[in-house]
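K.L.:
Straight out of Swiss-Prot:
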- 1-138: region 'Disordered' (REGION)
- 16-26: compositional bias 'Acidic residues' (COMPBIAS)
- 161-219: region 'Disordered' (REGION)
- 531-591: repeat 'WD 5' (REPEAT)
- 595-635: repeat 'WD 6' (REPEAT)
- 641-678: repeat 'WD 7' (REPEAT)
- 959-999: repeat 'WD 13' (REPEAT)
Amino acid sequence: MSDAAEAPREATGENGETEMKEEEEPNPNYKEVEDPQQESKDDTIAWRESQEEERKTGEEEGEEEGKEDKKIVMEETEEKAGEVQEKEASGIQEETTVEPQEVTASMIRLETQITDSQSITSGIFPKTQRGSKSKLSLQLEDAETDELLRDLSTQIEFLDLDQISPEEQQISSPERQPSGELEEKTDRMPQDELGQERRDLEPENREEGQERRVSDIQSKAGISRESLVSSTTEDILFQKDKSTPVYPLTMTWSFGWNSSLPVYYIREERQRVLLYVCAHTAIIYNVFRNNQYHLQGHANIISCLCVSEDRRWIATADKGPDCLVIIWDSFTGIPVHTIFDSCPEGNGIMAMAMTHDAKYLATISDAEVQKVCIWKWTLAVETPACTLELPTEYGVQNYVTFNPTNNKELVSNSKTRAIYYAWYEERDTLAHSAPLLTEKTFNKLVGKFSQSIFHLNLTQILSATMEGKLVVWDIHRPPSSASTFLGFPYIKPCKLVHLQKEGITVLTTIDSYIVTGDIKGNIKFYDHTLSIVNWYSHLKLGAIRTLSFSKTPATPPTEKSNYPPDCTLKGDLFVLRNFIIGTSDAAVYHLTTDGTKLEKLFVEPKDAICAISCHPYQPLIAIGSICGMIKVWNYENKQYLFSRVFEKGLGVQSLTYNPEGALLGAGFTEGTVYILDAMSLENESPEPFKYSRTSVTHISFSHDSQYMATADRSFTVAVYMLVVRNGQRVWEYLARLRSHRKSIRSLLFGVYLDSNEPRLLSLGTDRLLIEYDLLRSYKDHLEVLDIHHTDQGCYPTCMVWYPPLTRELFLLICNSGYKVKLFNATTKMCRKTLLGPAYGSPIEQTQVLPVRSMAELQKRYLVFINRDKVGLQILPVDGNPHKTSAIVCHPNGVAGMAVSYDGCYAFTAGGHDRSVVQWKITLSVLEAAVSLGGEDLTPFYGLLSGGREGKFYRELEDYFYYSQLRSQGIDTMETRKVSEHICLSELPFVMRAIGFYPSEEKIDDIFNEIKFGEYVDTGKLIDKINLPDFLKVYLNHKPPFGNTMSGIHKSFEVLGYTNSKGKKAIRREDFLRLLVTKGEHMTEEEMLDCFASLFGLNPEGWKSEPATCSVKGSEICLEEELPDEITAEIFATEILGLTISEDSGQDGQ
């Protein structure tokens, strides 16, 4: 574990394996093409013109010119290939020994010499020498290039990776192929002759030909043979160009950190750089520059991370479905290798460690039966070198580390068992030893293990316990023998050392010291005999979570040095490296040992963050945590301004600035409401309001700041108002009302347009939209103005005022069925139902993006969050799937959202991941996606099975036009009137014919939507609909994922009872009674007619053609047709006639 061990310039690892090299050389021939795509386009035009000229000059002249060019190409290819081969032959000999600082395997091979933005926006073109004849060519359809690509891909698979430069892999993509002089020669001959000539040029020796062609192309294009990873320096990470974003939402900053994971000190010399984790992102933070670089790639919360001894390589792993292990280059921020399916049986990675030379990675899975794997990640392999399943009686192993001097030895521990591992690579065996310790072992209480390390003497292992003790294990290694195998090594408990009273939380080594950190914030240093050398107990820290020492050795003491003396009899100076301290209360400190200077780098919330709010006209964001802390940041310059920590038991649940930005309303978990001064966080009112017994989830201010309303978990709305008392304006409690039966999802103030008076509305999961009459309310009485039901089956999730894009004022309400509904703000009539963003879960919160100028008033956008994503939606909503975009922001759940006053940034709070993420909004990218998605009905055809030419759309057309015949009479002899429209009365029948069965309420909503669609503008009602509009109505109203078996099961869970087989069922009598008495109940005649059709006694659509009627509903005997007991499966298959898919349980027809 020693941080002092510097990798030598050249060193060969164990078993003859080469280690990685530290030297980096900048590439002198590295210039940027300003517009490679334009140059490529010009080259393409020139090539085509030359082709036309060649055809006009005649075939004979072309043949002669082709022969001359063939000779030139052959001579130049042979000359340059010979030179390159000589250089490569000598270079290979020089590069057989590689050091830990240089990437091996997939890392060097996967990276190209480009910036992040170019890799996305420019098709990953390599950079070429400006001013030379080398250009980017898009003409790669010739036989030679195709063959070269095939040859290279084959060669990369079978050759040693150190013998292939990253540029050779660049050529494997046609878009990356540089042409240089080769392109100029192709311009002067017909393409068929060129292809034949290049086939003639193919060398007989395949390998020599590949090397020769690759080297020739590289030399002509001016491509460096070094990748960005291998040629970079430590300073490049924070010098990357900030190019135009290519995503609508781009992470720019992350507030907070996961204090349950370590923080690493990865650089110190000229810049103090830390590594820590926020949610699913690893953060490289430059303290001096106040910059962050985000390592994004995980879809789940990062569960563990580790770094190499030289701090060059970072490994991160996550927990969850499709978990990943990613190795990063800390100099460039590039992911150099990814391990997929590292634990397919489990739920992710529990613990992870990297060897000091960064060759090997050890992981322990988070599964019921844990698996230890060792990965040779530098070889880009997809499977571990060895694996070991651990018995469950060993407990959950949550910590692992390698022997710093032997890559083949590891130690891990759970709370009750420490395990020693010995890796026999030649045997593909991971031997282990895990003696059981009990109180009888030492006749003393041992305590629960926290961390284990290898002793400095390398013959022992130390395990720290939460009782302040160290268990010393002796390692018994059998003597080495070349002829016979003498058994595996094992460990035995040697002694129990009671070091201190406080529980030890961190155990590590540095230089010649053994270091401990404990629950009281003490840091102690011991020598190899476990005699104390020095300690820091006066720092007043929380429980130590992590200690990370600088990779730079301590400077030797001078006359100006102020190192403290150690506690030995000699009293020598205690010379130690600087180090980073992370504590369990989410604080990070830097300790400069020369002079013992402790600097607080940051203190973040140590508990869930649920409340955030942006200032209405300044770049400020207030962040509230369940731990009782409110912090205010300037989010433009990323500067922490001020904070307040409330007394224990007060957790911040909700925050809102008032419209003037002078006040900050804060709701707490135990029901208290504070009104704070926005610039000092001091109490604005003498005493907080305590009118609720449960957590205050919502706070809202009226537009004139005369009213403040709150909602809590007991479904209660409370109103406070500003009054004048003794010449001073003070806040007073007005009234409260338990107006909902289920949780309140939104609390919203509005304005009456005719009087400019505030109006207050609340929305609950009980499907009630309630408006309150503030003017008629008085002390202890909150008057209700009206109550409206918003939906039938789905429940509402949030609401917001729809921006004035139309002459009609709307409330926008999202529901759990992925729908967005527009309600008239006055009548509360549902005026439109539209398909909203469907990204795995419904929208939970939404806000209208503020405009930045008056010119943007007619182009508005929504920002929304669902369970784990943040997204944008272009208004007006019309069901076009291309008008929305989303990105994962907090995999374990989003707790809150805020938008900056200028609409440039969105902020998301991650709840229990203790982080807030700032997202830069780039609307032009989203608009570009819409334009690429097509116009008119093109985006909507993609929502149909088979699209515009599919079977489903053809059936829809047939039913649409058949409904015209039906409305005119099936048996009529009059001349048919063919039209592009059908009357509205036919719409429900066509809907049902294509598999969508809307309720009567939904049918009324559809009729209102169509009838009044143009009423505000024209004053006319619409009584017909054409096919394109019908298609949009159908797609916007139908369930986005169809009818599923799980939905039927949920209904039977509510209505049924558990039968003798353990399934939910409904008795036949109850089933029939429910159909005629509950919900939108049928008449008995309607029910019998439906059963007649379902049982095949009458053909489908028989009422449209009365002549086909054979059986009346009254003639059916339901006792004979229906079973006594109906389960969900019987209802779906035997009654409705549906088929159930085997895998997902979804209905098919």
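Any Cβ shown, glycine's included, is placed from N, Cα and C.
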K.L.:
With a Cβ cut-off under 8 Å, give me the same-chain residues at least six positions beyond the ends of the repeat 'WD 7' (641-678) that come close to it.
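P.N.:
Result: 607, 610-618, 620, 622-634, 684-685, 688-701, 703-705, 708, 710, 712, 718, 720, 731.
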K.L.:
Tally of helix, strand and coil residues over the repeat 'WD 7' (641-678) according to DSSP?
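P.N.:
Going through the repeat 'WD 7' (641-678) residue by residue, I get 0 helix, 23 strand, 15 coil.
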K.L.:
For the repeat 'WD 6' (595-635), how many residues does DSSP put in helix, in strand and in coil?
P.N.:
0 helix, 25 strand, 16 coil
K.L.:
Tell me the residue counts in helix, strand and coil for the repeat 'WD 13' (959-999), as DSSP assigns them.
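P.N.:
Split by secondary structure, the repeat 'WD 13' (959-999) comes out as 20 helix, 3 strand, 18 coil.
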K.L.:
Restricting to the repeat 'WD 7' (641-678), what is the model's mean pLDDT?
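P.N.:
The answer is 95, the mean pLDDT of the model over that range.
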K.L.:
I'd like the per-state residue tally for the repeat 'WD 5' (531-591) from DSSP, helix first, then strand, then coil.
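P.N.:
Here the numbers are 0 helix, 23 strand, 38 coil.
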